[in-house]
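Engineer: Structure incoming, see below.
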Amino acid sequence: MFRGSIVALITPFRNGGIDERAFQDFVEWQIAEGTHGLVPVGTTGESTTLSHEEHRRVIQLCVEVSRGRVPVIAGTGSNSTEEAISLTRFAKEAGATAALVVTPYYNKPTQEGLYAHYKAIHDAVDLPIVIYNIPGRSVVDMSVATMARLAKLPNIVGVKDATGDLVRPLRTRIEIGPDFCQLSGEDATATAFLAQGGVGCISVTANVAPGLCARMQDAWARGDLAEMARVRDLLMPLHHALFVETSPGPVKYAASLLGKCAEDMRLPMVPPTQATRDVVRAALVKTGLLT
């Protein structure tokens, strides 16, 4: 259903509010550069500091600008099941292709609680759901067994795997089968994830290098391993630079250097230090994205 380079979109801010024009232009640029899909209001989009009204507005803008040219997988997760249902219902009404639903954070549900959470969303809204498993932020790790149970539900179509465990996609593929869409949530290991059964990456780096990220994924898809490796190696310093500090600080700064938006964030997120800025700028230059 989904493949390739799918960008985890930043949310531009200006003067305390969402910079809608910058966001619209950014989505257009992503599509023009060859990005295969869009994820608004995920972790990188600072969804946790958006109001519900703002969250819905960003989804709506993304769907309107993309006009069906690429899939829109809207972030609709919450640690409240009812809230996740409400956001997912809005995403469907807005015309999103699917929903990206993060595992509930902070309240640490059991595996049975995770199953019940996703089943409730699945049963309430007729929209494809991609599970977002990111234990480093949510402090809960969905097991392969739980995911296999959920995969029996017709609208649970895949996972964004940000576990960092490169054995996981192989185990998941063996347990669930090749039709379950596995997308990497880690840029630095995206190509290794492909070799283990993945079909793409929901990428932070694609915010500032959409053409290169798409080219790398396309090279894999057509079996051009030499080109894939060349682009992978070119991107590696940038992958590192964008996570020297907590994302999305570095990637927003990088986007500001490219003239795509201001680097503004909302507290408790703060702009990166000068040392991080220097690393990010150097990586953009080395990758050929900045002179």
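Backbone N, Cα and C define each Cβ position, glycine as well.
Grabbed the feature section from Swiss-Prot, which reads as follows:
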{"type": "ACT_SITE", "residues": "TYR132", "note": "active site, proton donor/acceptor"}
{"type": "ACT_SITE", "residues": "LYS160", "note": "active site, schiff-base intermediate with substrate"}
{"type": "BINDING", "residues": "THR44, ILE202", "note": "pyruvate binding site"}
{"type": "SITE", "residues": "THR43", "note": "site 'Part of a proton relay during catalysis'"}
{"type": "SITE", "residues": "TYR106", "note": "site 'Part of a proton relay during catalysis'"}
Engineer: When the number of other CB atoms within 10 A of each residue's CB is tallied over all shown chains, which of the recorded positions TYR106, TYR132 has the maximum?
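Structural biologist: Per the Cβ count, the most surrounded site is TYR132.
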Engineer: List the residues of the same chain that sit at least 6 positions away from THR43 (site 'Part of a proton relay during catalysis') in sequence and have their Cβ under 8 Å from its Cβ, in sequence order, or write 'none'.
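Structural biologist: Spatial neighbours, sequence-distant, of THR43 (site 'Part of a proton relay during catalysis'): ALA8, GLY75, VAL102, ILE134, ARG137, SER247, PRO248.
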Engineer: Using C-alpha atoms, which one of the recorded positions TYR106, TYR132, LYS160 comes nearest to ILE202 (pyruvate binding site)?
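Structural biologist: It is LYS160, whose Cα lies nearest.
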Engineer: Tell me whether THR43 (site 'Part of a proton relay during catalysis') sits in a helix, a strand or coil according to DSSP.
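Structural biologist: The residue in question, THR43 (site 'Part of a proton relay during catalysis'), is coil (DSSP, three-state).
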Engineer: Taking 10 A as the limit, how many CB atoms besides its own sit near the CB of the residue listed as 'active site, schiff-base intermediate with substrate'?
Structural biologist: 28
Engineer: Sequence gap of 6 or more, C-beta under 8 Å: which same-chain residues meet both conditions with respect to THR44 (pyruvate binding site)?
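Structural biologist: Set apart from THR44 (pyruvate binding site) by at least 6 residues yet with Cβ under 8 Å, we have ALA8, LEU9, ILE10, VAL204, ASN207, SER247, PRO248, VAL251.
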